[in-house]
Amino acid sequence: MSGRSGKKKMSKLSRSARAGVIFPVGRLMRYLKKGTFKYRISVGAPVYMAAVIEYLAAEILELAGNAARDNKKARIAPRHILLAVANDEELNQLLKGVTIASGGVLPRIHPELLAKKRGTKGKSETILSPPPEKRGRKAASGKKGGKKSKATKPRTSKKSKAKDSDKEGTSNSTSEDGPGDGFTILSSKSLVLGQKLSLTQSDISHIGSMRVEGIVHPTTAEIDLKEEIGKALEKAGGKEFLETVKELRKSQGPLEVAEAAVSQSSGLAAKFVIHCHIPQWGSDKCEEQLEETIKNCLSAAEDKKLKSVAFPPFPSGRNCFPKQTAAQVTLKAISAHFDDSSSSSLKNVYFLLFDSESIGIYVQEMAKLDTK
C-alpha cells in the first residue's frame, strides 16, 4: 500500500444534525452563554431548547394552515397566525403579550353595542330602568306638618296582587332564566315571530349541564359518539345515555344524509338530544344538504313541542366544513324556517360556541340579519 492513500476526510456534522433538529443548536448555545455567563450551562440545554422551539413553530404553522383552509385561502397570512394562537389555550397564555405584525385584532363586541343596531328584522332589546324618585316640595311640606302628615301607602286589593303575580309568572315562563352556570350569553337577536337567537360561549365539557330542552348532536349515519360533541355528551350522560343511543341506533339507524332522530337525554340537563347526519364538505350539494339538516332539526324539535334548542358549531370532526360557510348556512336556514312557518313552539335558539374565531364569525353573520 502506498503512503499517499490517507484517511478520507469526514464531513463535519453540526450539533443540530447530530441532535436531529433543524434549529441551530450552536447559535442557541452562544446566546445562552452570552447572557448567563455566570452559570454553568450543560451541553443538552440548547438541544432541548431548539427542540421545544421547533415543536412550537410546527404547532403554530399547523393551526395557521387550518385557519387559512377555513377561510378558503391558499397562503398563510399573519391574520391566520393570530387566529391560530388565539384558538389554542396554551399558546394564547404563552404568547399573550406578543404582537403579531399585520395580524389585526380579535373581535370583542359587547352585547349592549349590538342591541343598539337598527334593522328591519331584528328587534333591539333595551332594559328600561325606573326613573329616580323626585324629592320636591311635598316632602318639605310633610316635614313642616309634623306628626299629622304621615305617609300613606296606597291600598292594593287582593285581586290586583293576583293579577300582578300572574303577569310575573307569564313573563318568567316565556323568558327563560338562561342556559345555566358556566354559559355566557354574548349577544342576542329577536326575529319577526319572536324567536330569540343567542350567541353563547362556554367550554365543551359543560355541554351536559346546559339547561335547554333540546341539544343538537352532529354525527354520522351510524349515530356514533366519536366526535368532540359526542364524546362530551357521553362523558356527561354516562352509561345511561350510551344505552339510549344504542337503542336509537337499533330502531332508527342508519340515518340518511340530513336526517334527524330524537332520543331521550339520560343523565343530561337537557330533555332531548337531536342526532343529525351532517354532510361531508366537498360533496355534491353539501351546502343545500346542511341547510336541510338544520331545518330537519328544527322540525324535530317542534314535533316534540320544545321551547329551546342549542346548536353547536357544525364544522366538527370529519366533515371539514369551513366555519364561515357553516355559520352562513346555519343562520340562513334558521331564518328561512321561521319565515316559512306561521307558528312555532320554539322560543329560544342558542348557538353554543367554544373558540374565539367562531364567536367572531357568528357575531359578524348575525349582524347581517338586520340588513336583509
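A Cβ is built for glycine as well, from the same backbone N, Cα and C atoms used for every other residue.
Remember, it's a predicted structure, so these values are computed and weren't measured experimentally.
Confidence over the domain 'Histone H2A' (2-117), given as mean pLDDT on the 0 to 100 scale, stands at 81. The domain 'Histone H2A' annotation in Swiss-Prot covers 2-117.
What Swiss-Prot records for Lys7 (among others) is N6-lactoyllysine.
Per Swiss-Prot, the feature N6-lactoyllysine maps to Lys9 (among others).
Residues annotated as region 'Disordered' in Swiss-Prot: 114-182.
For 135-161, the entry in Swiss-Prot reads compositional bias 'Basic residues'.
Feature annotation from Swiss-Prot assigns domain 'Macro' to 184-370.
Taken residue by residue with DSSP, Lys239 (SUMO2 cross-link) is part of a helix. Other Cβ atoms within 10 Å of the Cβ of Lys239 (SUMO2 cross-link) number 10 in total over all chains. Look at Swiss-Prot and you will find Lys239 tagged as SUMO2 cross-link.
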